[in-house]
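Taken from Swiss-Prot as is:
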ACT_SITE  E87  active site, nucleophile
ACT_SITE  E184  active site, proton donor
DISULFID  C111-C160  disulfide bond
DOMAIN    1-197  domain 'GH11'
Amino acid sequence: SGTPSSTGTDGGYYYSWWTDGAGDATYQNNGGGSYTLTWSGNNGNLVGGKGWNPGAASRSISYSGTYQPNGNSYLSVYGWTRSSLIEYYIVESYGSYDPSSAASHKGSVTCNGATYDILSTWRYNAPSIDGTQTFEQFWSVRNPKKAPGGSISGTVDVQCHFDAWKGLGMNLGSEHNYQIVATEGYQSSGTATITVT
């Protein structure tokens, strides 16, 4: 229950909000690049945030706000490509679950002064921007993560990650779909207010 899934524009930014409906979640656009997401109930999967559509390799993305997860959650630059269908994450912070623990480690890269582990994994018959599909996920996971539980801010040089992925044979699709700073929750609870620039 809560805010129904939707996409659109607000304050000059693209937003995407998706929930499987199992958890109790409220997503609110605050104007500009800001959004607030509150979720509870420790069930279901949800992801929402603001950014751009289409995404771009050359973008430098800054974010600031508060991120207070309880349980499994990510705060990341999150997006999709088509041709090939790829879901990607540049994870800045996360809750109780390290997303790199369930993926295949490919290497590491230093971007914006921080080290990120690079991973990939396949998703089978899973939700995507094109309905239920089988597709690859690309991950950069900041190690160590930025501390959750309060104020958080940072800048992500997207090109740095995309180039590192390409150097490891991880090729994104040729057509970019959305690219947002997303808060994701899985069978957890929490709150986040994030402003993207």
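Glycine is treated like the rest: Cβ placed from N, Cα and C.
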Mapped DSSP class for C111 (disulfide bond), helix or strand or coil
strand
Counting only residues 6+ away in sequence within the same chain, which have a CB under 8 Å from the CB of E87 (active site, nucleophile)?
Y78, G79, W80, R123, S128, F135, E136, Q137, F138
Nonlocal residues around the residue listed as 'active site, proton donor', in sequence order (Cβ under 8 Å, 6 or more apart)
N45, L46, V47, S73, Y74, L75, S76, Y78
Translate the DSSP assignment of C160 (disulfide bond) into the three-state scheme.
helix
Sequence gap of 6 or more, C-beta under 8 Å: which same-chain residues meet both conditions with respect to C160 (disulfide bond)?
V109, C111, N112
